[in-house]
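Undergrad: There's a structure below that I have some questions on.
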């Protein structure tokens, strides 16, 4: 069973790390912390497929569920990542029901979807019984990042085969005419985020959000979000380095 899905089945939200730097060592190190999942960001990072495959192994070895935010909502890319051992897919810029259906079809085998059969790494974890439980091992979230997606939110949420939606607050803020801040307090953006959360839960779906800090993640967890990421690795590295430098220079 997918660890994130286990959290949800037990009535708990899932907390995830976020990786923008390539490499297996720090991927495993983060996965060994108290994260339920670790997301590899292939959209806004230099990480390519040759790098992501061993990172998926490292995250699984560390004990967290390996997720990927894909470059685009492309079925061939999604299927390849699933075969490489991704157990969660976050697809960017899903604006319509048709685009959500594209994501859903890539996540599931026939008759529920169009995923091609070749689960090289999943079959190592789940054995010969993988096909029968494949849909339960994968979590699929469609990113809500535009005014168009907001207008179509109920249609997107009506798609069978996706678990829910994941809010990208910076692109959403930008498309609504505001500064692209992660932990935004802009009233229109805050209202839009709350609306997505409410519509998702009304539809019986899960809702996640990207957060830039642990404090903001705590707020979103308290608000009822089901899947929350808290600060990417590069931001945490920079913040820690700034603090070390400040401590060293505090003469």
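Glycine residues also receive a Cβ, built from the backbone N, Cα and C atoms like all the rest.
From Swiss-Prot, for reference:
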ACT_SITE  44  active site, proton acceptor
BINDING   69, 170, 171  3-hydroxypyruvate binding site
BINDING   145, 171  Mg(2+) binding site
SITE      69  site 'Transition state stabilizer'
SITE      83  site 'Increases basicity of active site His'
SITE      210  site 'Improves activity by CH-pi interactions'
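Tell me what's around each of these sites.
TA: In three-state terms derived from DSSP, residue 44 (active site, proton acceptor) belongs to neither a helical nor a strand segment and is classed as coil.
Under the DSSP three-state reduction, residue 171 (3-hydroxypyruvate binding site) is assigned to helix. Within the same chain, residues at least 6 positions away in sequence whose Cβ sits under 8 Å from that of residue 171 (3-hydroxypyruvate binding site) are 93, 145, 146, 180.
Cβ-based neighbour count (10 Å, all protein chains) for residue 69 (3-hydroxypyruvate binding site) stands at 25.
Reduced to three states, the DSSP call for residue 83 (site 'Increases basicity of active site His') is helix.
In this structure, residue 210 (site 'Improves activity by CH-pi interactions') is part of a beta strand by DSSP.
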Undergrad: Filter the recorded positions 69, 83, 170, 210 down to the ones within 10 angstroms of residue 44 (active site, proton acceptor), Cα to Cα, kept in sequence order.
TA: 69
Undergrad: Given that the record lists 69, 170, 171 as binding 3-hydroxypyruvate, what is the largest C-alpha to C-alpha distance among them, in Å?
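TA: With 69, 170, 171 as the binding residues for 3-hydroxypyruvate, the largest Cα distance is 15 Å.
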Undergrad: Residue 83 (site 'Increases basicity of active site His'): which of the recorded positions 69, 170, 210 is the nearest Cα neighbour?
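TA: Considering only the listed recorded positions, the nearest one is 69.
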Undergrad: Excluding 69, 170, 171 themselves, which residues in that chain have a Cβ inside 8 Å of the centre of the Cβ atoms defining the 3-hydroxypyruvate site?
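TA: Leaving out the recorded residues gives 43, 44, 92, 143, 145, 168, 169, 172, 210.
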